[in-house]
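Novice: First, the structure itself, so that you have it in front of you.
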Amino acid sequence: MFSRSAFNTLKQASKGASKRFSSTQAESAKTSTYNALMGISVATAIGSGAGLYYLNQNAAHANMEADGLHPADHPFPQKKLFGTFDHASIRRGFHVFKEVCSACHSLDLVHWRNLVDVAFTEEEVREMAAEFQYTDGPDDTGNMFERPGKLTDPIPPPYANEEAARAANAGALPPDLSLITKARHHGVDYIYSLLTGYCDPPAGVEVREGLNYNPYFPGGAIAMAQNIFDGVVEYEDGTPNTASQIAKDVVTFLNWAAEPELDDRKKIGIKALLLFSTLTAISLWAKRNRWHTMKTRKIVFNSPKNWNKPAPPKN
Ligand code: HEC
């Protein structure tokens, strides 16, 4: 039996060999084409990888004219994996927004009540809201009337409509700031850099009348003038009111306005990680426990003795 199978194998091998010998040239041509193609594709892959890496490492060489200057990475605590907002900063930031930015920008998605227990007590917010007059009604006689603001009112917009806003800002529309940190690339870093980045235009750059040079703004010329300077607001908690501090606080406030759920989201995230990793560990242990009889089982096959001997003759 053995000899026959060995003979067959030999026969097969010699057949294969004769076939190979007869077509050696065609085969080797095919192989070298294949090798060349492989070489080209590997070189292309490595080359494009290196190219992408180079471009990524040299973001500052991106088109500044169209994209604006790349903002630096600032260490805002809420940007860290488990970091949360600095609520004292949100409080100061709202103060800056109210004193400076709210002259031109609306904050449509934030209502007074949203500030309660975030940066202010309920009493403080009621007092702030009551400083503004809101149109309400109609009353029993069908007329609209004015009343002081309450917790359920939105933060009042500076202009009645877009046309009024444009008319007051030389045709440019100050965007609503509710979601601005989400609506711009590099969110907080960009807005911080924009607010503190005003400077004289470099030689050869002409800025149109009514626009201001800011390298972080795409195009370089922005309709908003610089409005954050050292000492532009006074802080009640004695924090130094430098321009960078003021910008940082208002940016923190705007980030909270856009992502009010951030603190809770991260807290729930930590709980979920703890819970699911425990559950994963338990289920892995339970699986081992349940399966150990199967996994540690050894199957032994004892072939019957004399299986290959001819059967004893029947009588
Ligand atoms: C005097 C009015 C005025 C004040 C005050 C003002 N802004 Fe503006 N802001 C504008 C105008 C106008 C634009 C639109 C600029 C443009 O499109 O060229 C703008 C645009 C912006 C933008 C959008 C930039 C972009 O990438 O499109 C941000 C962010 C911004 N302002 C933040 C602020 C903050 C924060 C404050 C308060 C510290 C503030 N602004 C105060 C008028 C103002």
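Sequential numbering from 1, following the chain as shown.
Cβ atoms here come from the backbone N, Cα and C positions, even for glycine.
Sharing the record's features from TrEMBL:
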DOMAIN    88-240  domain 'Cytochrome c'
BINDING   C101, C104, H105, M224  heme c binding site
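Are these features on the surface or tucked inside, and what touches them?
Specialist: The Cβ of H105 (heme c binding site) has F97, P158, P174, P175, D176, L177 as same-chain neighbours under 8 Å, each 6 or more residues away in sequence. H105 (heme c binding site) falls outside any helix or strand according to DSSP and counts as coil.
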Novice: Would you pick out, from the binding-site residues C101, M224, the residue whose Cβ has the largest number of other Cβ atoms within 10 Å?
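Specialist: Most Cβ neighbours within 10 Å: C101.
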Novice: Enter the number of other CB atoms within 10 angstroms of the CB of C104 (heme c binding site).
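Specialist: Step by step: centre on the Cβ of C104 (heme c binding site), count other Cβ atoms within 10 Å, giving 18.
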Novice: Quick one: mean pLDDT on the domain 'Cytochrome c' (88-240)?
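Specialist: Here the predicted model's pLDDT, averaged over the domain 'Cytochrome c' (88-240), is 96.
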